[in-house]
């Protein structure tokens, strides 16, 4: 067996006839498959055992030799080799064709490869191959020309005139002869000479021919191999034939296609033996050609061959293509054993790293382990008995199952898996019932809820898989989201509600102003009913000596509520006491204003103090981030469980309920609506008098009703902050609902969307508390349906975008420590007008500085070069008033086929330096694709405001940028640097003319009247600046400026599209994508290299080729940067396996085989396809070739790995400590 993991690379090429015969184990001569009575394969047929191997293991066809002891013997009676039946999946046969046949891929593809080699048009070629015309092969001394086409009549005439002085043939034989005559070296030399002078169409054609001929020359493929003398027959088990219940047979379409070829081939052989008339033979040859075409690619030419029920048959090409093809269905996505799926359910009592697995499911998944253990413990005599015991569900198997699943994590996955957190590892816990139990905090990452969602469960089997699951994939490690480094495990709903209610303060609650010596004392008072969670009390600071307090107040008394005191007890002992929901309080001790001054009366202080704020959802998230930063994974995981526990408990005991009476009402809604109606009447009157157009009337009506709704909303916003209303508590805490929901409940629903995407002019003035009228209800249904359809479309679009992104960046891996580049990217805050899109702080965190950062006032170094900026450093830089910083960036990284650690910076999912081997391309694609569903589908309009151009936003804008398409609402940009000398109107042409005068030349741009001009006379513009408002076309920008400017533009535009929707994505992910789009250059002048003009080439390869030429003293090639959309970039990759499995499979493979392409197996996909371990993470050669260290001291070993059992011990110790603490 070949060991795939030793492969360096994989090459594809054209198969010569001899190669095909060497693969074959015998010729298939008859179209028979299996005998319908005996069900045995027919001799010389498509399933012949002599050719393809025995159907039963270690047994010949006639039964003379049975058993493994005869392996390798060929039976003398039936001629079948005794071997394993598995060989029927790998042994090929062949069919010797009676006439040569052209391969449809090379004749029909665009451009036609045969046509280019022979310099014949594809139309002419088709006529020859399908016997409609003769082609002159050798003109001899006649007035005919080589490769001239002759009709049947012309051929006869010339034959009569010249006799045998010329030769002309038809069919694939003629093409084959012509291909054999091609002198590649001569043709290449001639074409190179021609290129020196040729221009226009001639030049393009010459370049394309030269490209193909060069490919044949360099790859060692012969052009004549594009015409086949024999065709391979694929192994029978790959085109099976099985008997169904009713005695009928189900067979693969390929068998039908092969049978047609064999039938026609045999008929042709017979006709040739009989010396049949030429016209009959030609017809049979044409039919054979069509049969082979159908076998290779049915439907590519003419009407497809159909089977029963007029269904086109699936040919060899269809077996590879598309989602159901070999590449995507079987090689990139396999079904796996040891897996199950079930409905999910919530289980709040689980720890963060646990999940509940139903007993019967766990038993089935861990069956082999349980069987092994039963035999080991002597509870079953052998494996068979152990299996029987499990099937009977004996009582003694359950204890063993408990033991077996300890220390064996399982993987849980929820589809759609939009980012890497869609698969996480958990420690299984056996639960009754049939549903998988999930921890409530793990829902956010999976985007799961419990309304019937299902999840799949997988068991990692090998020791390496178990170790990786535990150390890399355990849910407790996945606290930060890779897209922005913010916590993804955010408490929601009840947990938020409980903690918010717990930390509220009230005036005049029982026991207000009591002062306690210690938390334990306060707990007793609460148990006795003397105080409430909301009671404001005094507490001695020295009862918590580990906590940092303000200087001089270490022994003071401070004001807090009992609820906040309880909340603080889940934090680490030495963490600050949290009294205010502010970032300040998470990083500094309690504010001094909460402390009693000597001699101050607590009641008086409480009367004069504002009530403290309760802790909302956002603050809980901030505190998780802070604890993760200070205490790392282990402690954060415990904190999350305590937070969950506290939230649920308090929420339950608080007794919060909601009823219809809790929805507030506003008294003057009717007046506001009446006022709006009056304004609408005025507008209608103006329209009837012809003062305004219908469009203006519509826009004004819409804006009147929108204003009306805003007024109502503002009134509600004021009522809503009633501190004791359960509905407002729910909204204010961030548990559920927002102001817009309340406007609809208590105010008015407002305008509804019309099916055509606009707005209906008639508003819904009622709210849900009053109830809607029938008409209003009907109007609402349009919008509701549109919402549903939009969501469905958006999901599909967003999923496809993710797939293209993953494909273009799948080979971007962290390859080295430092690429040593001296270039960097200067970043500043991204703004749109006065609106801040992305602040500088967000762009600095987690990046390396490229140059030192100086304080703009004192000129001291704040941050030296080559330092990874964390949040503290970034705050320091921003607070000093620095507006731009030069950082290391993926754009300027010099690493080939990937990025280096320094240019990438921090791994946002861990908050540490990124490691060599991290698959940052895939992470970037997931980070951009996963929030795609949150973007809107529509191209926003500006509510009818005149002047501003309609620009695309949301998902269409993101696609437009990544595909480098011409944007809608394209801006005109300046090609020169200089000043705007004049802006003139040309009424006749309906255009404006903007003139820009540069240093050397002056340019005038015609822009339509409708475009808004972005410059004024006298303005200074730099080339690449916008002259009109709109979106810049990146292809134009790269032509006028350079690749870096274009990359920066794409980055800021993508950020705008996402941040407008409130989605945060780190710059580095977009940088990885943009860099992949600009990896190629187009050759302008090849100099003295052997590159072709107009060729697309990888920047790295281009530099390497030029380096060689310069060293040998030649003239280097020149090229210009080009931008490719992600689809094009993914297809232009160096790996033909990756490209073929992405899109246009046949085109990619045709091209790759002619060029004899070599796939270096650098990316992830190509390695998955051939089954090699992927070159990311521990699969990197760097790590695979490591030797284990010898003589590691025992205590060192213990330090490096901790198991779940260790965690359990720590937890138990912590619990015991807690119990002692409360007992004190």
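Just so it is clear, glycine is given a Cβ too, placed from its N, Cα and C backbone atoms.
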Candidate sharing the Zn(2+) 2 site with 893, 900, 903 (per Swiss-Prot), from 708, 819: 819
Three-state secondary structure, residue 903 (Zn(2+) 2 binding site) (per DSSP): helix
Listed in sequence order, residues not in 60, 62, 75, 78 with Cβ within 8 Å of the centre of the Zn(2+) 1 site Cβ atoms: 61, 63, 64, 65, 76, 77, 79, 80
What's the CA to CA span in angstrom from residue 893 (Zn(2+) 2 binding site) over to residue 60 (Zn(2+) 1 binding site)? 62
Counting only residues 6+ apart in the same chain, whose Cβ is under 8 Å from the Cβ of residue 449 (Mg(2+) binding site)? 443
According to DSSP, residue 75 (Zn(2+) 1 binding site) sits in coil
On a C-alpha basis, identify the one among 60, 62, 78, 819, 903 that is nearest to residue 453 (Mg(2+) binding site); the candidates are the binding-site residues. 903
Return the residue, from the listed binding-site residues 893, 903, with the maximum count of other C-beta atoms within 10 angstroms of its C-beta. 903
Round to the nearest Å and give the CA-to-CA distance linking residue 60 (Zn(2+) 1 binding site) with residue 903 (Zn(2+) 2 binding site). 63
Please report how many Å separate the Cα atom of residue 75 (Zn(2+) 1 binding site) from that of residue 819 (Zn(2+) 2 binding site), as a whole number. 63
What other residues of the same chain, not counting 819, 893, 900, 903, have a CB atom within 8 A of the CB centroid of the Zn(2+) 2 site? 816, 818, 821, 888, 890, 892, 894, 895, 899, 901, 902, 904
